[in-house]
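Record features (TrEMBL):
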- 88-278: domain 'Aminotransferase class V' (DOMAIN)
- LEU119, THR120, PHE147, PRO148, SER149, ASP150, ASP232, HIS235, TYR257, TRP286, ASN314: pyridoxal 5'-phosphate binding site (BINDING)
- LYS258: N6-(pyridoxal phosphate)lysine (MOD_RES)
Amino acid sequence: MPAAAASAAFVLPPEQDPIAQLRDEFAIPTNKQIGATAAGAELEDAPCTYMAGNSLGLMPKRAKKLVQEELEVWSTRAVEGHFDHPYGRPWVSITDNVNPLLADLIGAKEAEVACMSTLTANLHLMLNTFYRPTKERYKILCEAHAFPSDQYALASQVASHGFNPKEALIELPPRTGEYSLREEDILDVLALEGESIALVLFPGVQYYTGQVFNIQSITKAAKEQGCVCGWDLAHAVGNVPLALHDWKVDFAVWCSYKYLNSGPGGISGLFVHESWSGQPIRNAGWWGHDPVTRFDMPPTFSAIPGAQGFQQSNPSVLTTVALLGSLQVFKEAGGMAPLRARSVRLTGYLDALIRRSRFWVPPTRAGSYTSPRPSVSIITPVGAARGSQLSLLILPTGKGFMPRVLQGMKERGVLGDSRKPDVIRLAPCALYNSWEDVERAVAVLEEVLDEIEHEGVASKVVVEAQEKLRSSVQTMATIV
């Protein structure tokens with residue numbers, strides 16, 4: 001697709017792009033601040049091209065303001081801030097400001113949501129509750145090459161029940177020569193082995209490839225087989241629309257520092273469907289106790305109904321209000337529907353510009369690509385099976401080109417992130433990325449690939465010259 005056609009197909013004019021104004025709600029590092037030494041002196045104070053929101057979202061200016069307010073309250077009210085708060089956010093109920101906004105984002109009832117803890121800790125809480133294996137039904141269906149923390153959690157949970165993870169974990173890989181799991185393969189395994197599967201756990205969006213899974217259909221198939229179905233939404237929440245209540249998802253967990261922009265190590269969350277109301281809390285803590293009697297310090301635990309009964313300790317106020325600052329911007333944007341519409345255009349534009357590059361190799365050819373010429377492919381599925389992220393496969397694989405491309409892009413002011421050995425992830429985020437960001441990212445990618453290509457040509461010329469010289473010397477020696 002020619003550049004002009006790509007622009008016409010995806011780029012919105014300012015009057016049709018109100019979300020673009022929300023870019024000003026975020027602090028974007030300058031080229032100088034990220035060490036972009038090759039961006040040019042005229043651009044050193046310009047914002048960098050930030051494409052790593054799938055790894056760590058940019059800082060909302062409101063988050064900074066709210067955190068500063070809480071530090072002020074801490075310094076002026078101290079312990080009294082738990083109940084007497086000048087900004088109307090008493091710490092004892094701080095997550096009440098966040099839970100309704102999270103519920104809107106994930107398609108849940110407020111009682112089904114708890115803002116708490118960290119992702120893997122929450123996953124263990126959910127597994128302790130919902131993974132109840134028997135001799136006949138003890139397996140867990142998941143993806144091969146899941147995010148390591150999920151792999152560790154699942155293996156340790158299985159082992160704690162006396163089962164061998166190699167036997168109890170059904171780790172489903174993509175088909176040979178493919179990069180993403182086919183939904184039909186997941187459904188086939190459920191149909192064939194469902195009676196032995198106790199629990200199903202997949203990511204809403206696969207961290208490496210950017211594949212979006214069909215949560216609704218997989219959950220339905222799992223539950224029809226009598227399996228509990230849970231989801232890791234680390235790369236899905238704030239990225240793609242969710243309707244966890246209507247889809248009858250049993251449980252879900254997520255972090256908030258990626259697309260939710262809560263800051264490094266930000267507070268996480270969990271979802272438990274209301275159909276599980278009254279489920280015993282197997283790892284009780286005092287913050288999950290009925291708030292009416294919590295400070296009476298009773299010896300017997302009385303859980304808050306719903307997901308918030310799983311709370312254990314009082315939440316970090318600073319990380320909670322940092323998240324609140326971001327969620328306020330999501331609300332101002334109108335929620336996930338308009339954000340998703342803009343995201344599809346941004347990522348579609350990025351995809352279209354990469355595909356018209358002279359370095360482009362179709363994913364169907366990427367697995368057999370052997371040319372020494374540096375090139376790029378995209379292993380993220382198309383259409384509804386992708387979110388904001390594109391995973392670029394730098395070719396040829398195994399030659400060490402990827403780190404050089406990533407570094408070269410950073411030096412020119414474009415920040416993505418990588419996953420070894422050969423993938424660079426770029427994620428234009430609807431809340432703060434611009435059409436110009438997309439254009440610059442692709443222009444810089446091509447510039448770096450061109451530089452590497454010419455280094456290779458120069459190196460080849462040198463080698464050929466050296467070989468000719470050696471041959472001439474040998475010929476002269478023979479004559480002499």
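Quick reminder: no glycine exception, Cβ is built from N, Cα and C everywhere.
Caution: TrEMBL annotation is automatic and unverified by curators.
Everything TrEMBL records as a feature, shown here on the structure.
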residue	record	Cβ within 10 Å
LEU119	pyridoxal 5'-phosphate binding site	22
PHE147	pyridoxal 5'-phosphate binding site	18
SER149	pyridoxal 5'-phosphate binding site	15
ASP232	pyridoxal 5'-phosphate binding site	28
TYR257	pyridoxal 5'-phosphate binding site	22
LYS258	N6-(pyridoxal phosphate)lysine	27
ASN314	pyridoxal 5'-phosphate binding site	16
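LYS258 (N6-(pyridoxal phosphate)lysine) has LEU119 as its nearest neighbour among the binding-site residues LEU119, PHE147, SER149, ASN314, going by CA to CA distance. Residues LEU119, THR120, PHE147, PRO148, SER149, ASP150, ASP232, HIS235, TYR257, TRP286, ASN314, recorded as contacting pyridoxal 5'-phosphate, have a largest CA-CA distance of 31 Å. The average pLDDT the prediction assigns to the domain 'Aminotransferase class V' (88-278) is 98.
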